[in-house]
Amino acid sequence: MQLAWENSQLLKFQSGSSQGQFPLTQNVTVVEGGTAILTCRVDQNDNTSLQWSNPAQQTLYFDDKKALRDNRIELVRASWHELSISVSDVSLSDEGQYTCSLFTMPVKTSKAYLTVLGVPEKPQISGFSSPVMEGDLMQLTCKTSGSKPAADIRWFKNDKEIKDVKYLKEEDANRKTFTVSSTLDFRVDRSDDGVAVICRVDHESLNATPQVAMQVLEIHYTPSVKIIPSTPFPQEGQPLILTCESKGKPLPEPVLWTKDGGELPDPDRMVVSGRELNILFLNKTDNGTYRCEATNTIGQSSAEYVLIVHDVPNTLLPTTIIPSLTTATVTTTVAITTSPTTSATTSSIRDPNALAGQTGPDHALIGGIVAVVVFVTLCSIFLLGRYLARHKGTYLTNEAKGAEDAPDADTAIINAEGSQVNAEEKKEYFI
């Protein structure tokens, strides 16, 4: 009956304070260990007393007078219109319904429910044993206790949430808080090595700052091997470095180099330094299959590289052999006789190897031009020789004409000048 009456009074207050004097309260939520403020207000009060009572109906304050000896409870404000008190270091046992009473006839009351949030403990991750072998199934469990209401647990791997997890909620012995656990199952591979797995606990008591636990995974796996050449086009006479890039956990060290299934044939020229095989200069005998082998405690792996040594390309510009005359002889003979004789003999012998192996329109064009130049030169020499021979023959003929009856050279010249009329008859030309 009393509870029904209080509820009816509360409904009257909620329907409007204009129907009379009613105390006004509000529910309070506080984190365990915090401080709760309970306030009761009356809009219209004709000097009527106000009182706060705890869930056990023990009076805490009557107006400004403290009734319960509890050092955690203090008066905040007391007047005819308001009575406010504080409860510090709130515990879970303080949770419940508090009553503000206005001593009118009849007494009017208002209820305020104090909710105490249980803060979850820092989560712990269990089930991890280091190291884990690649391909093994891992089961991690994250657990937290003392939350009220029950906390929420979420899993993340590389900042990506994992949804497929198991969730379990259990009530603690005090029957007020909860222990929550979540289990994550997954099969690991080498990409999980060094990955941080995070368990995050969300709860309203944490003020949007979740509690987290982290576990960094250590995964052991067999090596992976790759051979990287220093040049994609190895050439004869050049150096070559083959790098054996190996990854594994634990790290394989050192690596083993072989050629065609056996040891390296020339250790003086093929030097192994760490993971590198350095061939100082290449030749065709280096052709073959080179193998790099890496081993750790988990297993073994290898890679192969087929070496083909290429010839050094001819980097010289293409040359053109110009046909030339290896021998060119020009002979001009002038005879001072009545029947002059001029002979010109031209012979040219081409180098039989001059045009060997040379083909193409450019070579033919150059050869033609050179031939024309040589021909024009020979013709010029021939015509010049003939011109000189003709003039010298004329001179000699004139001099001889006057010397027929002359006792000396001077007389011969005078006789020659006097005989100009018949000069043409005694001229001789060398043809």
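Placed from the backbone N, Cα and C atoms, the Cβ positions cover glycine too.
Annotated in TrEMBL:
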type: DOMAIN; residues: 23-115; note: domain 'Ig-like'
type: DOMAIN; residues: 123-215; note: domain 'Ig-like'
type: DOMAIN; residues: 223-308; note: domain 'Ig-like'
type: TRANSMEM; residues: 364-384; note: transmembrane segment
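Per-residue pLDDT, averaged along the domain 'Ig-like' (23-115), amounts to 94 for this model. With DSSP classes pooled into helix, strand and coil, the tally for the domain 'Ig-like' (123-215) is 6 helix, 54 strand, 33 coil. In the domain 'Ig-like' (223-308), the DSSP tally of helix, strand and coil residues is 3 helix, 48 strand, 35 coil. Within the domain 'Ig-like' (23-115), the DSSP-based counts of helix, strand and coil residues read 3 helix, 50 strand, 40 coil.
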